[in-house]
Amino acid sequence: MARSSPWSPKPTAPSQQEESPSEQTPESGSQGQGGRRGHHRREGPWGRGDDAVGGLHDTLEKPVTRAHTLTVLFILTCVLGYVTLLEETPRDTAYNTKRGIVASILVFLCFGVTQAKDGPFSRPHPAYWRFWLCVSVVYELFLIFILFQTVQDGRQFLKYVDPRLGVPLPERDYGGNCLIYDADNKTDPFHNVWDKLDGFVPAHFIGWYLKTLMIRDWWMCTIVSVMFEFLEYSLEHQLPNFSECWWDHWIMDVLVCNGLGIYCGMKTLEWLSLKTYKWQGLWNIPTYKGKMKRIVFQFTPYSWVRFEWKPASSLRRWLAVCGIILVFLLAELNTFYLKFVLWLPPEHYLVLLRLVFFVNVGGVAMREIYDFMDDPKLHKKLGQQAWLVAAITVTELLIVVKYDPHTLTLSLPFYIAQCWTLGSVLALTWTVWRFFLRDITLRYKETRRQKQQSRDHQGRADGSADGRTPGPDDASGSEEADREGVPAPH
């Protein structure tokens, strides 16, 4: 995983690694703050360095970039006063309960959007990322509530969200005929392939394109993609929808959808890392075309940092990268298991909303994890969004374990268990060799070399004390002794 990928961005100068993605004009002046130096600048009120604060306020007018705490408070008070004083409360208890819960959530979101701590991202607006942070808290509280219900009550509770939920899912046939060319079907011999080309194909591509923008590493993305296919093979005895044809696993998923998404994502990362940036205030741009272009660039990153995970550089980074891959795979599996245990149809909007949620919070979480790994002296604790994503992933797993323990305890087939045991042993063996045995060996060789050098210097000093200048024969003898590991004769 430490190797550079075929599509890794080319190395850039330090001044190009962390800059503002926008076109630079001859009148734009000097370059922005570059490299990783922005990580060590004093944080301003927007949670980033002073350059980010100044650039953000120069980008748009101050009324747009302010949090508007008093304005939001005034509007919220007016709405609550209207509901309390001018609107008659219905007699429907269920309706009032729903409306009260929704109103409570909205009030919390208003508070969070205006008062929560900023994260590492500022585009398109810091309030956007504060909103998703608060949504993370709401979602985690919802999962905790579901976790503390009985299985039947938890499933029936979803009827308050959608009356169509709370019923068992119908049995569906997965896998089936895996012939790419079905000679028995004269009208359409490739019907098996066309049946697989549904809405999940572009969803796979878009999903992996966005995951690549989050992880920013070709090797890690490829490992997660391939390992998830192995997980589908291993768990198809538990979930029927994991049973797919071999060409659906490796050609449609890994090579076409996932592979193409990763490739396009790496090309986008290359463009972002090599582009010259300089932000200019919207009202300082003279042409309408320039203003429209500036508005579009508001939805691109304000600054850019290339992720260099370097998993083999230390045991801490190796364990961190393994943990990131594990959480990614667990979040992917939770998508399928939650649908199964909570009786959610795959096409239901709640499933889509969960994916949209993880797309928005995943990028922030990965940046916070990378900062925590890369500079622990500056980032002394894990970021708030990363903490919530980890808590949400674990809570989802606990819901699956509680709601259907029978499915999860179905034993793996013997050959599957053998494969995972062999893979775990190989990974553990490599870890012990790379970070323990190899280091011990290198330290032993270095100690031995230093002792040999000290002996050689001592021998030359003794020869000089006897009044004898070391000649060429002495030098060659010393070199031979270095090769043989014994001191040269004098």
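Heads up, residue numbers simply count up from 1 along the chain you see.
Even glycines carry a Cβ here, placed using N, Cα and C.
Keep in mind that what you see is a predicted model, and the values were worked out from it rather than measured.
Taken from TrEMBL, the feature compositional bias 'Low complexity' covers 13-30. Annotation comment: TrEMBL describes 448-465 as compositional bias 'Basic and acidic residues'. If you look up TrEMBL, you'll see 1-54, 448-490 marked as region 'Disordered'. As annotated by TrEMBL, transmembrane segment applies to 67-86, 98-116, 128-148, 318-337, 349-366, 386-403, 415-436.
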Looking only at the recorded stretches 67-86, 98-116, 128-148, 415-436, which one has the largest tally of CB-CB distances under 8 Å to the transmembrane segment (349-366)? 128-148
When counting C-beta pairs under 8 angstroms to the transmembrane segment (98-116), the leading stretch of 128-148, 318-337, 386-403, 415-436 is 128-148
Candidates 67-86, 386-403, 415-436; stretch with most C-beta pairs under 8 Å toward the transmembrane segment (128-148): 386-403
Close approaches to the transmembrane segment (67-86) from elsewhere in its chain (Cβ under 8 angstroms; 6 or more beyond its ends): 103, 107, 110, 113-115, 127
